Amino acid sequence: MNEIILKITGLTKHYGRITAINQLDLEVHKGSVFGLLGPNGSGKSTTLGILLGVTQKDSGEYEWFSQKPEASQRKKIGAILESPTFYPYLSGIQNLRVVCKIKDVHDSRIEEVLKQVGLFERGNSPFKTYSLGMKQRLAIASALLSDPEVLILDEPTNGLDPQGIAEIRELILTIADSGKTIILASHLLDEVQKVCSHFAVLKNGKKIFSGSVAESLSGNDGVEISSGDLARLEQLAQDFSGVKQIRKNNLSRLEVQFENHVDIINFHEYLIENGIVLNHLAYINKSLEKQFLELLSA
Amino acid sequence: MWKLLQIEWLKLKNYKTFNRLAIVYFILLLLILSSVKLLLSWMQSSGVEFQGISPSIIPFYDFPDVWQNLTYLASYLKFFLGFIVIISVTNEYSFRTIRQNIIDGMSPQSFLWSKQFMIFTFSLVNVVVLFLSGTLMGLLHSPSFEPHLFFTGMDFLLAHFLELITFLNLCMLLSLLLKKSGFAIIALCFYGLILEPALVGFLNYKFDDHWLISLFPIHAVNNLIEIPFQRYVFMEIQNYVALGSFLIALGWYFLSLFFNYLLIAKRDIA
């Protein structure tokens with residue numbers, strides 16, 4: 001991979017006796033969609049707070065665009081954080097005017113971004129009259145104002161309905177396609193699996209894993225099968241050497257996991273030889289969720 | 001600097017509470033500044049006399065008296081401006097917009113300066129209003145216009161400016177410490193109107209003008225312009241701005257500015 005957008009070395013932050021972030025190292029490359037995972041309280045938001053200049057670090061370093069951190073760099077970063085924060089008595093447009101002034105962006109961008117997020121008609125209503133979904137969309141509009149190099153999202157789908165979640169996901173993918181870098185903190189693993197190219201897992205402020213999503217999801221987690229005579233199928237599967245685990249799932253199908261050396265073709269032939277014909281056979285894709293839980297329990 | 005002022009103006013101009021407070025403030029200010037003559041003639045008609053002097057011949061608006069008289073009266077209204085500053089600063093915390101401003105790319109220093117420019121602007125507008133009404137009232141009431149009398153005592157306008165920026169920075173300090181407008185306003189009123197006067201009174205009573213008194217912050221800003229009215233009953237007054245008081249107030253300005261900087265730049269912005 002190419003240019004490094006963000007580099008963190010040995011970042012540490014204490015709150016009293018609690019260590020929120022412990023010697024964190026990270027690198028985010030240009031054009032990647034980077035997922036920052038971890039359970040609640042694992043230090044994701046604290047890390048982003050430091051990177052965005054609102055939380056003081058205790059030790060360690062970080063660099064944006066290979067330069068020492070300073071306020072003006074944040075003008076090139078768009079941030080969508082958990083709860084959209086704006087002046088409640090100002091309208092959407094008036095709020096964005098404040099952001100334009102801070103980010104040194106011309107006011108003409110306001111109309112463009114409001115149209116982009118579908119909020120143009122309500123631009124003159126006060127922010128406090130917006131629904132949560134509209135507030136979140138205004139936050140997106142605000143983050144897009146300066147056409148940023150990097151987009152940071154912290155639990156962007158919290159409290160949104162399925163439609164809102166789908167819209168955010170769509171937006172992330174659109175922006176990622178334009179070659180921008182995205183950093184996404186979330187505990188919704190499904191979310192990360194669908195949009196991220198790389199990810200790191202935090203636990204108690206420590207990085208316990210980092211790697212590419214594609215690698216982590218390569219291979220499979222066994223197969224899901226069913227047939228007319230499920231009891232006989234289960235019996236045969238249990239007798240087959242190389243089967244690690246059998247489980248009946250909520251769709252009354254069998255989930256079968258094999259030892260590594262087993263070829264699924266041999267298993268299938270074995271079933272046919274014994275007079276069982278399958279009416280369903282599908283690989284079970286590996287999920288980030290499963291790996292995540294394994295990592296955390298380790 | 002111009003940009004920071006524009007940002008602050010965008011935040012304030014559509015804020016109803018600000019508009020109302022500002023309107024009430026200026027109405028009260030103009031009323032107080034212009035109505036003294038009316039008050040004095042009313043006193044005369046009800047037969048009040050100051051040691052044999054008729055109230056209506058008191059040269060309240062004459063140059064150069066007008067400067068000290070008006071700035072002294074105006075200083076009573078500074079609490080209104082204090083409330084505006086408190087609300088403007090604590091709002092940034094309760095709406096969490098200070099956090100958003102900084103995330104968007106403002107440096108904590110710029111944030112501090114945007115509030116400073118707001119304070120400067122309030123104070124400057126206030127001084128300009130005082131200058132204009134003083135000039136107008138002086139021209140209307142002085143028996144003749146003499147330039148040297150017109151300019152005498154204008155140091156009170158400068159002192160009033162220092163009084164306001166120092167007082168408003170102390171208000172900002174309270175806001176940064178307490179983060180809630182209600183708490184900060186109560187704390188300001190309690191300290192400024194009850195606690196400090198009580199302490200000062202106690203020290204005065206116990207030690208007869210203790211040197212510590214002049215160092216108290218509210219006393220320091222109030223003390224810049226001393227009460228001028230006893231001069232009309234032939235008592236000695238301090239009809240100038242004392243350098244010592246000026247320096248103490250200036251000291252409080254820089255001290256509160258420094259603490260405001262620390263609280264914005266060195267503390268986690270939750």
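Backbone N, Cα and C define each Cβ position, glycine as well.
Unlike curated records, TrEMBL annotations are generated automatically.
As annotated by TrEMBL, transmembrane segment applies to B:21-40 (among others). Sequence-distant neighbours of the transmembrane segment (B:21-40) (same chain, 6+ residues past either end, Cβ-Cβ under 8 Å): 55-56, 58, 60-61, 69-70, 73-74, 76-77, 80-81, 83-84, 87, 126, 129-130, 133-134, 137, 141.
Taken from TrEMBL, the feature transmembrane segment applies to B:70-89 (among others).
Sequence annotations record features per position, and here TrEMBL assigns transmembrane segment to B:117-137 (among others).
The transmembrane segment feature in TrEMBL is assigned to B:157-178 (among others). Among residues of the same chain six or more beyond the transmembrane segment (B:157-178), those with a C-beta under 8 A of the stretch's C-beta atoms are 67, 71, 74-75, 78, 81-82, 85-86, 89-90, 93, 115-116, 119-120, 122-124, 126-127, 130-131, 184, 187-188, 217-218, 220-222, 224-225, 241, 246, 249-250, 252-253, 256-257, 259-260, 263-264.
The list of residues near the transmembrane segment (B:185-205) in space but at least 6 beyond its ends in sequence, with Cβ under 8 angstroms from a Cβ of it, reads 79, 82-83, 86, 171, 174, 178, 212-213, 216-219. Feature annotation from TrEMBL assigns transmembrane segment to B:185-205 (among others).
Feature annotation from TrEMBL assigns transmembrane segment to B:240-264 (among others). Note on the transmembrane segment (B:240-264): residues 98, 108-109, 111-112, 115-116, 155-156, 158-159, 162-163, 165-166, 169-170, 172-173, 176-177, 214-215, 217, 220-221, 223-225 of its chain, located 6 or more positions outside it, place their CB under 8 angstroms from a CB of the stretch.
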